[in-house]
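Swiss-Prot lists CYS42-CYS120, CYS167-CYS246, CYS302-CYS376, CYS432-CYS511, CYS566-CYS645, CYS701-CYS782, CYS838-CYS918, CYS974-CYS1080 with the feature disulfide bond, giving sequence analysis as the kind of evidence. Annotated domain 'Ig-like C2-type 1' per Swiss-Prot: 20-138, in sequence order. Summarising the annotation, Swiss-Prot assigns domain 'Ig-like C2-type 2' to 143-262. The annotation domain 'Ig-like C2-type 3' is assigned in Swiss-Prot to 276-386. The annotation domain 'Ig-like C2-type 4' is assigned in Swiss-Prot to 401-539. Feature annotation from Swiss-Prot assigns domain 'Ig-like C2-type 5' to 545-661. According to Swiss-Prot, the domain 'Ig-like C2-type 6' annotation covers 676-803. Residues or ranges marked as domain 'Ig-like C2-type 7' in Swiss-Prot: 813-945. According to Swiss-Prot, the feature domain 'Ig-like C2-type 8' maps to 949-1097. Summarising the annotation, Swiss-Prot assigns region 'Disordered' to 997-1033. Taken from Swiss-Prot, the feature topological domain 'Extracellular' applies to 20-1124, supported by sequence analysis. Marked as topological domain 'Cytoplasmic' by Swiss-Prot on the basis of sequence analysis: 1146-1194.
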Amino acid sequence: MKCFFPVLSCLAVLGVVSAQRQVTVQEGPLYRTEGSHITIWCNVSGYQGPSEQNFQWSIYLPSSPEREVQIVSTMDSSFPYAIYTQRVRGGKIFIERVQGNSTLLHITDLQARDAGEYECHTPSTDKQYFGSYSAKMNLVVIPDSLQTTAMPQTLHRVEQDPLELTCEVASETIQHSHLSVAWLRQKVGEKPVEVISLSRDFMLHSSSEYAQRQSLGEVRLDKLGRTTFRLTIFHLQPSDQGEFYCEAAEWIQDPDGSWYAMTRKRSEGAVVNVQPTDKEFTVRLETEKRLHTVGEPVEFRCILEAQNVPDRYFAVSWAFNSSLIATMGPNAVPVLNSEFAHREARGQLKVAKESDSVFVLKIYHLRQEDSGKYNCRVTEREKTVTGEFIDKESKRPKNIPIIVLPLKSSISVEVASNASVILEGEDLRFSCSVRTAGRPQGRFSVIWQLVDRQNRRSNIMWLDRDGTVQPGSSYWERSSFGGVQMEQVQPNSFSLGIFNSRKEDEGQYECHVTEWVRAVDGEWQIVGERRASTPISITALEMGFAVTAISRTPGVTYSDSFDLQCIIKPHYPAWVPVSVTWRFQPVGTVEFHDLVTFTRDGGVQWGDRSSSFRTRTAIEKAESSNNVRLSISRASDTEAGKYQCVAELWRKNYNNTWTRLAERTSNLLEIRVLQPVTKLQVSKSKRTLTLVENKPIQLNCSVKSQTSQNSHFAVLWYVHKPSDADGKLILKTTHNSAFEYGTYAEEEGLRARLQFERHVSGGLFSLTVQRAEVSDSGSYYCHVEEWLLSPNYAWYKLAEEVSGRTEVTVKQPDSRLRLSQAQGNLSVLETRQVQLECVVLNRTSITSQLMVEWFVWKPNHPERETVARLSRDATFHYGEQAAKNNLKGRLHLESPSPGVYRLFIQNVAVQDSGTYSCHVEEWLPSPSGMWYKRAEDTAGQTALTVMRPDASLQVDTVVPNATVSEKAAFQLDCSIVSRSSQDSRFAVAWYSLRTKAGGKRSSPGLEEQEEEREEEEEEDDDDDDDPTERTALLSVGPDAVFGPEGSPWEGRLRFQRLSPVLYRLTVLQASPQDTGNYSCHVEEWLPSPQKEWYRLTEEESAPIGIRVLDTSPTLQSIICSNDALFYFVFFYPFPIFGILIITILLVRFKSRNSSKNSDGKNGVPLLWIKEPHLNYSPTCLEPPVLSIHPGAID
């Protein structure tokens, strides 16, 4: 049991954590002895359902370990099997409930058959099975082998004598156990006192009475051998007198570590009498009073005062007027004389020993003849060795006389009430006290009566002498409901109670007492009568009933509280049933509705339309009165209006019905609920702020004071532009921290740049406009609205105020763009590459972007023209000048380092000449991400001159003249000695030079040409004074395209290019007309950078003289000189002759075939004739020869 409750607590905690049913039982096995009382605890945790759980115990016997034997249950009396039914019903086996979830199984008289496996089961109260519902443990029942023996004896010792007692303790238990031995002393009528003990762990211990003596060694406990234990008291004291015995217990350790006493045995006792050295004693006689009335009891007490009274022997005798009444020896058996023995037999007298030192004589019914002197005598006796007693000293006190008066009526009656004036409904309580001069002689009968104001008497209730109470006829019904009660409080005191009084209960209440005594014959007779009365005045409840409504706070502020008092007059006690209803008329309405009612029984009923009041309204009724206070907290507009209270006075009837006595309505109370006076103050300080764009604009709005610590603020931020009449809303933060962007923020795209912050202090609001733009300049201010939470949990705006303005100026960064202004002149040859450099020495921002443009001023063109442009996104564009001069393929841009831009013009041409410069624009990003031009600058100019190469064309002027014969060929060579460029090309033309005057020549076959030339010369005479006539023979352009041949030489010219610088013209079939001077004209052409050829220079050779010798004509020359004649003579006859031969052959073969009947059909090959070979001389000097070679005809 020592560890039961800690284990139980741990199991309860584990049950909560596991959240499943867990049944635990005391850990086994437990070893217990036969006949002992055993308890086994069991508890359950983690269950669902009622807190009080049921338990059922069963056992599985070793003889049948699988069979369950039911023992006892907390829920089913029929649960035990027959073998346990009798022991359960007899209370020897029962379950003790420690808590709702914990029990103890008790087996008071353990038997050997009780050994086995015990199971504790808890029926399920859970919604679903989850956990364990039973637990088991083993119980082993072993024989009780503990023996404790001591010699029974009676020892007489004198004070200060020594005492030795021995006790044998032995056990044969097989299990490991410990023994504890204790010596105890017991006196008659007292609890045993431990003298000394040896615990199971071999520790000596004594009670407080013997502890000091044990520490001094006067009390010892010694073990002699294995089983003997000796008690030694060296100096006995009178207090040591009593019975000494030894008690042994056998302990075993349970599995949980606790020790359990399996069995306890005590030996027989040794009675030790200690004779004190002092033998004196005194006697005194006592009684309560000495004057009595017949029938009253009297008691005399004879008190003996001596040392060690229980160990001494005294005899007592009682005497009346020196006559012996009774004697009592040491054995306490009274012996009475004949007269008093008769009275003792009828129960009228008693002689007894109340204690060792007190003796009593009691007479229950005194007689008149019992008046006299009474006394007692005490004699000490000594017991001899033979067991007889001898008288020694005797003593008696003084006599006590008593007087017994005869019986007579001496009663007096007094009536008292709880009040003389009461309120209707209060209880009336009357007490009727009967006083007697002596002891009451008999019995009393009592009648309670009411005398009303009309002197009508009615019986309320009466009590007869036998104690029977009966109500009067008019009070019978009220008495049946408990409205009228009468009671005998004491033998001489009677009470009347009238509950829930009514007005008609007013009047004079009288108590009439009659005293009765039993006569000698047993009949009752009246000894005397007495009566007493008291007046009662009852005030009606409705008298002066009125109700008034008051309030000390007719005007309140939001969230304040106000009280409404409904004062009931007169001041009724709390028990008076009064119902009070508060009615309410909201502002703007004409009807009242019930708000709340404090019912007559103390309950509270809310009206149908009082839901908004319930959580904020407290109704309280004074304990000492019926005044009802209505307290409304967190006042709002909803509670503003007119209030009125209605009181109803009720009376509860004796039959539990209710009667409404009166109803009163109070005056009207008007409650005004006002908003609190605002204390809002916003900082009005003005500020000027100038910053560069892309920096944040920090705007502050400070609330210097506020109405309440619970105030919330809505902050509206405005900006005022000079061009606008009113400010424009940027941002609004509502009182519940919601954001609303204004139209200005939407139009200007400020949403992504706005940042609102409320500081921890609560009264400082900040608006930050990130990445400020120039357009953000303006006058900024905030508009603060103070909002409070109404008692109805609705927010309302209390006040608003505008802050001072912050003048914000956002400017663009200062321009720091600067270009190199170095001037330059540059002269280059065509096809070379030109580098134009543009250097940015400084810029406004490292994040800026540059647009670089090159332009040129052409000679005789006042306007500049764009050559190329590098946009700020690094895109290269050609200008109009590039399109005109075919620069698109020749421009190249490089930027070797930041701020350095180089424009290369490849294959420059003469038309590229001009004055070049670069123009740079610096663009900065605006905070909104748009780029704008912040600065621009133009660099120094560079004059570019593109020159063509110098002409160095030379034609060989030293050419020898030549003479040729007619029909021969002559050559005209044109040799170029030097050229301007290796890439140049030449145009070559040969001319015939003749003198105009006298230079006319005729040649055969050339008369017509001569005439034509003469006509041309005549046409040119007027325009050209040159005496030399130039006639072109042949011209070859730089692109190797031949021009037309001159008419006289047409068909007789052959052109040859022997080398890149040597050209030859051969004139065939020279005639005398070809005689004359000839020259060659050379033009040098170079390619431009645009791949176009242009003429650089021209040169003409010296004239060459040619003389053709004239010869007479021959037939051959005539034929050869005439083409028609040549073909007629030498070519046409031969084909005709060949065709004639072929025709003859075909006719011949055809006739042969006809004679042979179609030879062709027999496969004879036809005659195939191939084209004859015609050989002729290309020089036309020999006639053509027609020959047929072998094989020509198959």
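Backbone N, Cα and C define each Cβ position, glycine as well.
Locations of recorded Swiss-Prot features on the structure.
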residue: CYS167; record: disulfide bond; CB count, 10 Å: 26
residue: CYS246; record: disulfide bond; CB count, 10 Å: 27
residue: CYS302; record: disulfide bond; CB count, 10 Å: 26
residue: CYS376; record: disulfide bond; CB count, 10 Å: 27
residue: CYS511; record: disulfide bond; CB count, 10 Å: 25
residue: CYS645; record: disulfide bond; CB count, 10 Å: 25
residue: CYS701; record: disulfide bond; CB count, 10 Å: 25
residue: CYS782; record: disulfide bond; CB count, 10 Å: 26
residue: CYS918; record: disulfide bond; CB count, 10 Å: 27
residue: CYS974; record: disulfide bond; CB count, 10 Å: 26
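Taking a C-beta cut-off of under 8 Å and a sequence gap of six or more, CYS566 (disulfide bond) has these contacts in its own chain: VAL547, THR548, ALA549, VAL580, TRP582, ASN627, VAL628, ARG629, LEU630, CYS645, ALA647, SER666. Using Cα positions, the member of the disulfide-bonded residues CYS42, CYS120, CYS246, CYS432, CYS1080 nearest to CYS918 (disulfide bond) is identified as CYS1080.
Counting residues per DSSP class in helix, strand and coil order gives 11 helix, 82 strand, 46 coil for the domain 'Ig-like C2-type 4' (401-539). For the domain 'Ig-like C2-type 1' (20-138), the mean pLDDT of the prediction comes to 91. When each of the disulfide-bonded residues CYS42, CYS432 is scored by how many other Cβ atoms sit within 10 Å of its Cβ, CYS42 comes out lowest. Taking pairs at least six residues apart, the domain 'Ig-like C2-type 5' (545-661) and the domain 'Ig-like C2-type 4' (401-539) share three or more Cβ pairs below 8 Å and count as touching.
Reduced to three states, the DSSP call for CYS1080 (disulfide bond) is strand. Distance between Cα atoms for CYS302 (disulfide bond) and CYS974 (disulfide bond): 193 Å, as a whole number. Note on proximity: among CYS42, CYS432, CYS511, CYS701, the disulfide-bonded residues of the record, the Cα nearest CYS974 (disulfide bond) is that of CYS701. Across the domain 'Ig-like C2-type 1' (20-138), DSSP assigns 11 helix, 52 strand, 56 coil. The two recorded residues, CYS246 (disulfide bond) and CYS42 (disulfide bond), show a Cα separation of 36 Å. Every protein chain considered, the tally of other Cβ atoms within 10 Å of the Cβ of CYS120 (disulfide bond) stands at 25. Here the Cα atom of CYS120 (disulfide bond) is found 42 Å from that of CYS167 (disulfide bond).
Cβ neighbour count for CYS838 (disulfide bond) (all protein chains, 10 Å cutoff from its Cβ): 26. CYS167 (disulfide bond) sits 132 Å from CYS838 (disulfide bond), taking the CA atoms of both as reference points.
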